[in-house]
Amino acid sequence: MEIKVEKREQWTRKREYILAAAGNVVGLGNVWRFPYLCYKNGGGAFLVPYCFFALLCGVPLYLMETAIGTGYSYIVIQLYSRVYTIILAWALLYLIYCFRDPLPWATCNNPWNTDRCVDLSSLNSTQTYRGNQSVNWTSGNLTKSSVSEFWERGVLSMSGGIEELGGVQWELLLCLLAVWVVCYFCVWKGVRSTGKVVYFTAVFPYVMLAILMVRGLTLPGAWQGVVYYLYPDPSRLVDLQVWMEACAQVLFSYGVASGTHITMSSYNKVTNNCYRDSVWLCVLNSCTSLVSGFAVFSCLGFMAEKQGIPIEKVVTSGPGLAFIAFPQAVAMMPVPQLWAACFFIMLILLGLDTVFAGLETLTSSMIDMFPGQMRRPWRREILLVVFSSFIFLLQITLTTQGGVYQFELIDYYGANGICVLFVSLVQCVAVGWAFGAERIRDALEDMTGQRPGVFYTVCWRYVTPLICTVCFIGFFLDFQPLKTSDGSVYPNWANNLGWAIAMSSVVTIPICAVSKFYFTEGSFRQRLLVLWRPVSDVVGPKTKEERSLNETEMKLLSAPFPDML
């Protein structure tokens with residue numbers, strides 16, 4: 001009996017790809033991670049290196065990855081990136097609480113509140129109320145806002161550190177399960193289902209972000225936050241750590257070295273103008289980060305004015321910053337339940353788009369490596385449900401009282417920083433030198449009809465790999481052990497575990513290189529020549545006069561994981 005093998009999918013319409021790609025690059029890295037890194041690194045001082053790295057690293061790498069991709073380290077990084085699913089669970093729990101009146105984070109009358117709780121929604125800037133008692137909260141002994149206490153004590157019930165795992169927060173566990181169920185049914189049919197979902201998930205967040213920014217800028221004290229956000233502190237610009245984290249943020253928010261861009265692009269037609277798409281998507285990414293910064297820092301300025309303290313003392317920087325600043329803003333709006341629900345729906349949708357792309361990268365890589373076995377009816381669905389169930393079971397520990405510390409550990413070491421820098425460096429060398437920067441420009445011109453400028457050749461061959469090398473070395477020279485939001489250093493065993501997590505994606509490259517060298521026949525020199533030679537030398541034209549790519553070579557360039565090294 002003949003078994004039907006399905007063909008590789010394609011986007012039904014070009015706009016589905018654009019929306020999916022926009023949803024991928026504009027996600028949690030913009031609304032959640034960018035503001036808290038800005039706040040941590042001095043506001044405007046962070047924007048200078050961010051713009052520098054966005055132009056010289058983000059854009060060239062993004063274009064490169066929409067045209068050609070490399071191997072297995074992508075998969076490892078994507079596995080660690082699944083940790084960001086817990087952010088959707090946090091947002092979903094907040095969304096459930098949105099239907100209470102009053103909002104639980106807007107008052108200090110809840111079981112989790114302490115005597116240090118501050119009700120920022122009070123109209124009196126020097127007084128607040130706990131029960132029927134009026135207290136002065138600018139005296140210095142009351143320093144926790146009701147929003148901060150809700151986040152730390154109501155949602156997370158944070159333990160004393162990563163070594164204290166604590167019990168499972170059952171509300172969070174159920175929210176995490178619900179998130180994985182939704183993610184599964186949104187991507188289980190591949191781009192056929194994802195392409196329909198993104199019409200809503202990619203557009204609605206922009207509407208809400210614009211509304212929240214306007215509301216934030218109209219709050220009293222918002223200008224103080226905007227000045228802190230835009231004005232760079234010259235003393236912070238000489239801090240190597242600020243530049244290191246700016247580079248890491250660009251690579252993280254642009255989604256490079258994660259395999260998502262080549263996966264999304266591989267479902268396009270060969271002649272799709274990926275050059276034009278890449279430039280506009282990069283502009284959209286950075287603009288969204290800047291807009292979200294205005295929304296967050298205007299709220300921080302408001303909170304600083306209400307508390308009568310400097311803006312850098314308002315909240316502790318960390319992954320929960322977006323769960324503190326934005327909720328406070330919506331609590332000040334008319335009908336706060338409505339706006340709070342809209343905000344957290346926006347955050348969930350932003351995260352879902354990113355999760356879609358990551359899951360699609362992991363599943364498509366398996367399917368493309370074993371097409372004969374996996375492109376059969378229901379094989380994709382079975383693979384996806386097994387994988388999703390396995391990751392969900394692993395993430396149960398993230399719902400414990402010490403789960404947020406585990407999250408910070410994986411976020412700091414596993415899905416950005418040294419591993420992304422190293423992979424970016426290797427692929428620049430592979431494409432810029434082994435494959436050839438001029439060759440990839442030729443290929444892009446033949447596919448799109450538009451030749452990228454010399455700027456990209458210079459970046460792919462010299463500037464971007466140099467920056468990645470400097471930052472990679474600087475990461476070791478100015479290494480800062482991971483700290484909690486209150487400034488406590490993680491124990492040595494936790495940082496050592498983090499290094500093991502970071503190196504696990506890095507070592508795949510030398511392991512694959514050594515194994516390919518070992519199994520290739522010939523002398524030492526012959527093996528080097530064979531492995532260094534681009535695949536297109538075998539299947540495509542070899543002279544400049546014959547630059548027109550045949551269908552085989554163009555499909556090879558569009559495949560998610562071509563065998564380049």
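From the backbone N, Cα and C atoms, a Cβ is placed for every residue, glycine too.
Those TrEMBL annotations? Automatic predictions, nothing curated.
The structure displayed is predicted, hence computed values, not measured ones.
The following features are taken from TrEMBL:
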type	residues	note
TRANSMEM	17-36	transmembrane segment
BINDING	GLY23, VAL26, ASN30, SER253, ASN285, LEU350, ASP353	Na(+) binding site
TRANSMEM	42-63	transmembrane segment
TRANSMEM	75-97	transmembrane segment
DISULFID	CYS108-CYS117	disulfide bond
TRANSMEM	168-187	transmembrane segment
TRANSMEM	199-223	transmembrane segment
TRANSMEM	278-302	transmembrane segment
TRANSMEM	314-332	transmembrane segment
TRANSMEM	338-362	transmembrane segment
TRANSMEM	382-400	transmembrane segment
TRANSMEM	412-437	transmembrane segment
TRANSMEM	458-477	transmembrane segment
TRANSMEM	497-519	transmembrane segment
Q) For the recorded positions listed here, VAL26, CYS108, CYS117, LEU350, which shows the highest count of neighbouring CB atoms within 10 A? A) LEU350
Q. Near the transmembrane segment (338-362), which same-chain residues lie under 8 Å Cβ to Cβ, leaving out any that are not at least 6 residues past its ends?
A. 20, 22-24, 26-32, 74-75, 78-79, 81-82, 84-85, 87-88, 91-92, 94-95, 98-99, 103, 179, 182-183, 186-187, 190-191, 194, 197-198, 200-202, 204-205, 208-209, 211-212, 215, 255, 258-260, 263-264, 322, 326-327, 330-331, 384, 387-388, 560
Q: Quick one: pull the CA-CA distance for VAL26 (Na(+) binding site) versus CYS108 (disulfide bond), whole Å only.
A: 35
Q: Would you mind checking how many other C-beta atoms are within 10 angstroms of the C-beta on GLY23 (Na(+) binding site)?
A: 26
Q) Where among 75-97, 199-223, 278-302, 412-437 do we find the most Cβ pairs under 8 Å to the transmembrane segment (42-63)? A) 278-302
**Q.** Rounded distance in angstrom between the Cα atoms of ASP353 (Na(+) binding site) and CYS117 (disulfide bond)
**A.** 36
Q. For the transmembrane segment (412-437), which recorded stretch in the set 17-36, 75-97, 458-477 gives the largest number of Cβ pairs separated by under 8 Å?
A. 458-477
**Q.** Same-chain residues at least 6 apart in sequence whose Cβ lies under 8 Å from ASN285 (Na(+) binding site)
**A.** VAL25, VAL26, ASN30, GLY58, SER253, TYR254
Q.
Tell me the Cα distance separating LEU350 (Na(+) binding site) from CYS108 (disulfide bond), rounded to the nearest angstrom.
A. 30
Q.
Residues other than GLY23, VAL26, ASN30, SER253, ASN285, LEU350, ASP353 within 8 Å, Cβ to Cβ centroid, of the Na(+) site?
A. ALA22, ASN24, VAL25, GLY27, LEU28, GLY29, VAL31, THR288, THR354
Q: Measuring Cα to Cα, tell me the gap between GLY23 (Na(+) binding site) and CYS117 (disulfide bond) in whole angstrom.
A: 37
Q | Cα separation, LEU350 (Na(+) binding site) to CYS117 (disulfide bond) (Å, whole number) | A | 31
Q. Looking at the stretches 17-36, 168-187, 458-477, which one shares the most CB pairs under 8 Å with the transmembrane segment (278-302)?
A. 17-36
(Q) For the transmembrane segment (75-97), give me same-chain residues lying six or more residues beyond its boundaries with a C-beta closer than 8 angstroms to one of its C-beta atoms, as numbers and ranges. (A) 28, 32, 103-105, 155, 171-172, 175-176, 178-180, 183, 257-260, 319, 323, 327, 340-341, 344-345, 347-348, 351-352, 354-355, 358, 361-362, 365, 391, 395, 398-399, 403, 407, 410-411, 414-415, 419-420, 423, 501, 504-505, 508
